[in-house]
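Peer 1: Annotations for this protein, taken from Swiss-Prot, read as follows:
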{"type": "SIGNAL", "residues": "1-29", "note": "signal peptide"}
{"type": "DISULFID", "residues": "Cys184-Cys204", "note": "disulfide bond"}
{"type": "ACT_SITE", "residues": "His203", "note": "active site, charge relay system"}
{"type": "ACT_SITE", "residues": "Asp232", "note": "active site, charge relay system"}
{"type": "DISULFID", "residues": "Cys307-Cys333", "note": "disulfide bond"}
{"type": "ACT_SITE", "residues": "Ser313", "note": "active site, charge relay system"}
Amino acid sequence: MRRTTRARTGLSALLLAASLGLGAAPAGADAPQRPAPTPASDSAAALHALDAAVERTLGDDSAGTYVDAGTGELVVTVTTEAAAAKVRAAGATPRRVQRGAAELDAAMAALEARAKIPGTSWGLDPRTNRIAVEADSSVSARDLARLRKVAASLDGAVSVTRVPGVFQREVAGGDAIYGGGSRCSAAFNVTKNGVRYFLTAGHCTNLSSTWSSTSGGTSIGVREGTSFPTNDYGIVRYTTTTNVDGRVNLYNGGYQDIASAADAVVGQAIKKSGSTTKVTSGTVSAVNVTVNYSDGPVYGMVRTTACSAGGDSGGAHFAGSVALGIHSGSSGCTGTNGSAIHQPVREALSAYGVNVY
């Protein structure tokens, strides 16, 4: 488990086409009607509600949850029959596994203490009941051998995989939100006491106190908070008087309404919206992920198989109408096989006391 009828102008219209990855109708136009919730949206919301209920019931009695690829059911890993009975009572499917939360947490702590190597990433994969470690192409043969030695000492609780590319934050020059001479994307519009903001990646908000919709253009927002490394989120307050919408741009003429926020579940299908690769799809492959970027580690991230590229940093990860995360980085994309990593959005919402809408 993890450690949450006035015409309106959309964010992408405000920032011009293809800027933030969020949006609705152009300024002065009638806002299109909000779509009714789709079955996919309802399914995602129901999944997260069940996952949250199981987490409240079991706490550390579970070694993680995931979505079964064949049945679509929520599977909860447990080590005792008593815990399995609680899972059944909650309406989910239990699966008995060898390692509990304490042993997996200890393996994570050992990696942090003994194998904190730039270019590595690790997180919980409850499908295998292991900590899944990835080492990118920048990790030397000597460091890889050291990593494998540490993994071998942990009684099978850790798997190590070499992956192509290099784990990096995905900032680029080009077309989207601009600050400090760099380009990023934005995740979700949020609100607090009637004031509108947008969330983006902390490594983006570290770069500049003001943000615009075009390179060198007029400022549309000012930084109100930033957190990177350790976390990877930041918040920008709108300085424009335009009323901005809270939907995500699907880059096909359509938009996804966002109604709630939740933590991602391993195995669930997600989408990523960013200003470079637009909308890409994938599944969640690990949670509670540590990524050792070259300029500092981030903790509690989520690893997915969605594709991403430079300039997508700060974009939205979502499932139906549920906001999941803020795009952080990846080790690249081969064909349709990606490694997009996100900062869980609920942590950012809590840190700044804001809500999606």
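A Cβ is built for glycine as well, from the same backbone N, Cα and C atoms used for every other residue.
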Peer 1: Could you check which of the recorded positions His203, Cys204, Cys307, Ser313, Cys333 is the closest Cα neighbour of Asp232 (active site, charge relay system)?
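Peer 2: Checked the recorded positions His203, Cys204, Cys307, Ser313, Cys333; minimum Cα distance to Asp232 (active site, charge relay system) goes to His203.
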Peer 1: If you run the three-state DSSP split on Cys333 (disulfide bond), which class comes out?
Peer 2: coil
Peer 1: How big is the gap, in Å, between the Cα of Cys307 (disulfide bond) and that of Cys184 (disulfide bond), rounded to a whole number?
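Peer 2: Rounded to the nearest whole number, the Cα-Cα distance is 16 Å.
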Peer 1: Between Cys184, Cys204, Cys333, which of the disulfide-bonded residues has its C-beta surrounded by the fewest other C-beta atoms within 10 Å?
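Peer 2: Among the disulfide-bonded residues Cys184, Cys204, Cys333, the lowest count of other Cβ atoms within 10 Å belongs to Cys333.
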Peer 1: Please report the Cα separation of Ser313 (active site, charge relay system) and Cys184 (disulfide bond) in Å, rounded to an integer.
Peer 2: 5
Peer 1: Using C-alpha atoms, which one of the recorded positions Cys184, His203, Cys204 comes nearest to Cys333 (disulfide bond)?
Peer 2: Cys184
Peer 1: If I take the alpha carbons of Cys184 (disulfide bond) and His203 (active site, charge relay system), what is the distance between them in whole Å?
Peer 2: 10
